[in-house]
């Protein structure tokens, strides 16, 4: 396989110069994002430390954050409800590579938390515990970010273990 | 009454780093040193930007040739409202420029008043002050100093306009 240096060697004015081997080209997309009316209700309740959800009138699944419709049944989700701040870890990973622009120190634990009464996991960070102890079925509760309460998921700093016994796998098996 | 629906800026950015390979690596090295390289194909045509593989035979291309610093506009489109991160922040023309010595054309920006831009126009490279081995090492093209000279504009279709 030919190299850039070999190709450059044949051109008098470029022979011997350090060849370019890589180029960094950021792909950047700028949006104005609107979360819609259902998620707006969810987000504007966060400063009051309230977790709002919706239930599908047909399949009875409870979605959080709510999207205004049931993606399984394709019908409007009409019933609003409020969920507790406790839930169960249904899956998790340890993140070791810092994402650009994210002000969280690595490593950190990222998980799906199935809030009690919900049928979809909420993305959240797990903290206040050694990562080696985090496990599927672990019971956790929300820790609110008192300094940053606002219409954003940043209102929840992270979830921490409650110390309760692990949840019965039957309680979350269908919603992993 | 429901609350007003929220909206907020959302910026998604992927800081991709790509390996450039032999041909584009050499091409970008050339730009850093103020030399534009083309690749000679099996049919003798010189392609710029250089292709890595021959458009006719699909064989690897390995012969690179330096091209001139002047070229001819083969087609263009006027950009009245430049967007952020485009080559110029004042209105400019997107142009395909066939550099002297090449048989194909390179896409870039031309800094010229709208009334001056035409197919067949002679243009010159304006190099960036700081060059790093990227297409942006060519800041843009500008009208050639001796615009109106014969050059090779006879090769541009529609040059009578």
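Quick reminder: no glycine exception, Cβ is built from N, Cα and C everywhere.
Automatic, uncurated: that is what TrEMBL annotation is.
These figures come from a predicted structure and were not determined experimentally.
Same-chain residues lying 6+ beyond the ends of the domain 'ChsH2 rubredoxin-like zinc ribbon' (A:45-76) with a Cβ under 8 Å from its Cβ atoms: 36-39, 82-85, 115, 117-120, 122, 142, 144, 149-153, 155-156. The domain 'ChsH2 rubredoxin-like zinc ribbon' annotation in TrEMBL covers A:45-76.
For A:82-144, the entry in TrEMBL reads domain 'ChsH2 C-terminal OB-fold'. Per-residue pLDDT, averaged along the domain 'ChsH2 C-terminal OB-fold' (A:82-144), amounts to 94 for this model.
If you look up TrEMBL, you'll see A:155-176 marked as region 'Disordered'.
Long-range neighbours of the region 'Disordered' (A:155-176) within the same chain, counting only residues 6 or more positions beyond its ends whose Cβ lies under 8 Å from a Cβ of the stretch, are 46-47, 49, 86-88, 90-91, 111-114, 118-121, 124-129, 133, 135-145, 148-149.
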